[in-house]
Amino acid sequence: MDVIPSTTPGEAVRISAKRTAELFGPEYLMVTPSASNGSIGVSYRRKTEYEHVKELPPALAAKQAQAAAARSKRPKISSRSEGSGSGDKSGASTALVRRGGRASGAAGDDKPTSLIQRPSATRQQPPEWHAPWKLMRVISGHLGWVRSLAVEPNNEWFASGAGDRTIKIWNLATGALRLTLTGHISTVRGLAVSPRHPYLFSCGEDKMVKCWDLETNKVIRHYHGHLSGVYTLALHPRLDLLVTGGRDGVARVWDMRTRSNIHVLSGHTGTVADVQCQEADPQVITGSLDATVRLWDLAAGKTMGVLTHHKKGIRSLATHPREFTFASASTGSIKQWKCPGGEFMQNFEGHNAIINTLSVNEDNVLFSGGDNGSMSFWDWKTGYRYQTIDTTAQPGSLEAEAGIMTSTFDRTGLRLITGEADKTIKVWKQDDQATPETHPVTWAPTLGRQRY
């Protein structure tokens, strides 16, 4: 006969409570397993499962050794100040100024930085002061809308193409007509003067791209391939390449001398309205009426990126002459981008019109011309609009003909040339009498900047 061991009432209560918890209690009432038991199981599994990979391969071991050696060579920042002596055994620092330039006893050390620092929106870069622009000269002679302009590299003359199917050469200093070139059978939409050759390139709505020899004033080459009107062209600054774009929705890259079509840059679903070539990178930038900007790798002839931030058709592009940036314009919107990847930088807000043309000079002045005759001048760095004026249609023209069709700065950046719908060419210059006191910058930082 078994003898039941005697238990005290307290022990019986603990045993009963333990049994009840094991049977009916939730997981958080269960007895915690011993840590030693878990470590034994982990060590056993490590030994049985990872025995064959305990040693790293020689190549990986050498790579990790090099990384460890590089980390050990980095200078370590000691917790003490450099001026403390070797006999200082106490843990307290004797430095008067903490690392970071703040005094050790300064008030508010434990305050969050958000209460001390200003928001980034209120620390915007102030715009640079620019002199306002005023009308200098009005040049008449064309019988149609002036749709294209190009300045000669030596800054002695400029060319204009218009709806009267002619190209006219003007003296930049006096505005006198020097020459008229005929050959197109429709509106001349694009002009470019080669900086290395005595060539003038033109394109028009007659599907033609022509190369003019300025020594004989005759056409020496035709570039055939476009299926519809050619609206824009650009020369690569370093290579003998010509890029054209038009209503057929493609941009074509031509060898200037052999007239061969090197690439057909297809991808746009609308008219290619403007083309720019990037000097520091073999890249072509195209803007289209399908509201996209495409960045093309000129070597491969393929798309590098598509910028879809605009909501309406893009009619003009402008690359900065010295910086690695460019701008694009659509109806009521101008955006600035970074090359070569097309990272968005900022908006130029305020020009509510159909923007036909953009131009930028080396002094960081951006000009935008609208279909309704509105003109805006911007600071390229900050996007601040420092001047707005409206052009005036010439006597005998309709009010609806007060539109800016094309624009360009001369080689010095001190003269702005605009081609307008009233069949005139206007030359603008900066006001020599203006000072920061007479025309102050009325700028205030914006708290909420529109991202895209």
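Cβ atoms here come from the backbone N, Cα and C positions, even for glycine.
Sequence annotations record features per position, and here Swiss-Prot assigns compositional bias 'Low complexity' to 61-70. Positions annotated as region 'Disordered' by Swiss-Prot: 61-129, 432-452. Marked as compositional bias 'Polar residues' by Swiss-Prot: 114-125. Taken from Swiss-Prot, the feature repeat 'WD 1' applies to 141-180. Residues or ranges marked as repeat 'WD 2' in Swiss-Prot: 183-222. Per Swiss-Prot, the feature repeat 'WD 3' maps to 225-264. Under the heading repeat 'WD 4', Swiss-Prot lists 267-308. Residues annotated as repeat 'WD 5' in Swiss-Prot: 310-349. Sequence annotations record features per position, and here Swiss-Prot assigns repeat 'WD 6' to 350-388. If you look up Swiss-Prot, you'll see 399-438 marked as repeat 'WD 7'.
Long-range contacts of the repeat 'WD 4' (267-308) within the same chain, counting only residues at least 6 positions beyond its ends with a Cβ under 8 Å from a Cβ of the stretch, are 231-239, 241, 243-247, 249-251, 253, 314-319, 324, 326, 328, 330, 337, 339-342, 344. Residues 270-271, 273-276, 278-281, 283, 285-293, 295, 304, 355-362, 366, 368, 378, 380, 382-383, 385, 449-452 of the same chain sit 6 or more residues outside the repeat 'WD 5' (310-349) yet have a Cβ under 8 Å from a Cβ within it. Residues in the repeat 'WD 2' (183-222) partition by DSSP class (helix H, G, I; strand E, B; coil) as 0 helix, 22 strand, 18 coil.
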